Amino acid sequence: MRKQLIVIACMLIGVITNAQIKGNKTIETRTIDIAGLTNLEMELYAKVEIDQNGKEEMTITADSNLLDLIDTEIVDGKMILAQTEWIQPSADVIVKIGMPNLKRVQVGVHETVIINNLTNNGASLTALIGGITVNGIVNSVGIGAENGIIDASRLEAKEVFLNIWGRGKATVNVTEVLDNTLSADARLVLVNQPKKIKGNSAKKAISNADPKKNAAIKYISVKIKNNSLRRNHFVVVGPKPDGNTFSYGFPMMPGATKKERWTTGTKVYKKNKIGRKLLVTLAATDEDMVVKLFE
């Protein structure tokens with residue numbers, strides 16, 4: 001009996017420790033000095049807009065009790081914009097950044113970052129998930145995507161170095177050289193035809209512009225269960241019958257179940273600070289079943 005009480009107490013402590021901090025509905029704007037910021041990794045669920053022509057500062061608009069729970073520390077020019085606790089804002093968190101020395105932006109959450117007036121040559125833009133929408137004029141730019149979407153249709157570039165290693169999609173506006181490496185599931189849309197296309201996937205740059213339909217993929221109803229003693233954050237990535245994909249992240253409390261309608265072939269990952277770990281891949285036999293996320 002004593003052992004059972006200890007186990008129950010540990011579970012309750014875990015739930016309390018991981019309790020979500022709700023916004024107090026008192027919205028405030030805080031201005032932050034970001035001198036020297038060149039590299040931004042986006043890990044916060046927020047509406048973020050970056051202006052390379054803007055004054056070098058950041059403003060965050062959010063519930064006043066949540067502002068101190070947003071990490072904005074800069075180390076060697078790099079900021080990982082993230083939450084330090086599990087927060088639930090009462091309204092969208094709004095972040096505006098003036099970033100004249102922008103060299104790199106990476107998105108790792110299911111949000112779309114807007115970048116205005118990009119002129120820095122050689123900047124690197126990566127969407128692991130989520131997306132980036134960018135405008136401006138550059139000589140060269142690096143674009144990367146795993147399962148994210150990058151819309152660079154309004155970024156005039158002479159040269160684009162492109163790498164899509166998952167199911168990601170990119171729309172590029174390149175005039176001179178497109179140097180690309182594309183996975184079998186990558187999607188690329190060309191605003192215009194560059195003078196030269198090179199790389200190990202030159203033909204795919206044109207043939208993958210339109211997604212291919214897959215009649216073998218179908219939607220199934222399932223229940224997923226977080227059969228662990230911890231709250232975890234998960235990412236789901238799945239194919240659609242029309243050839244496109246869907247992807248988003250979600251948290252689950254210990255022992256919780258969740259009804260979903262996903263496609264066969266959908267993958268569920270556990271997300272942590274160092275990356276993602278594949279947990280399950282749905283098959284047709286999982287329909288109307290409870291799928292445990294952990295063995």
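Glycine is treated like the rest: Cβ placed from N, Cα and C.
A TrEMBL annotation is a machine prediction, not a hand-curated record.
In TrEMBL this protein carries:
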type   : residues : note
DOMAIN : 38-123   : domain 'Putative auto-transporter adhesin head GIN'
DOMAIN : 129-194  : domain 'Putative auto-transporter adhesin head GIN'
SIGNAL : 1-19     : signal peptide
Per DSSP, how many helix, strand and coil residues does the domain 'Putative auto-transporter adhesin head GIN' (38-123) have?
3 helix, 45 strand, 38 coil
Residues of the domain 'Putative auto-transporter adhesin head GIN' (129-194) by DSSP state, where helix covers H, G and I:
0 helix, 49 strand, 17 coil
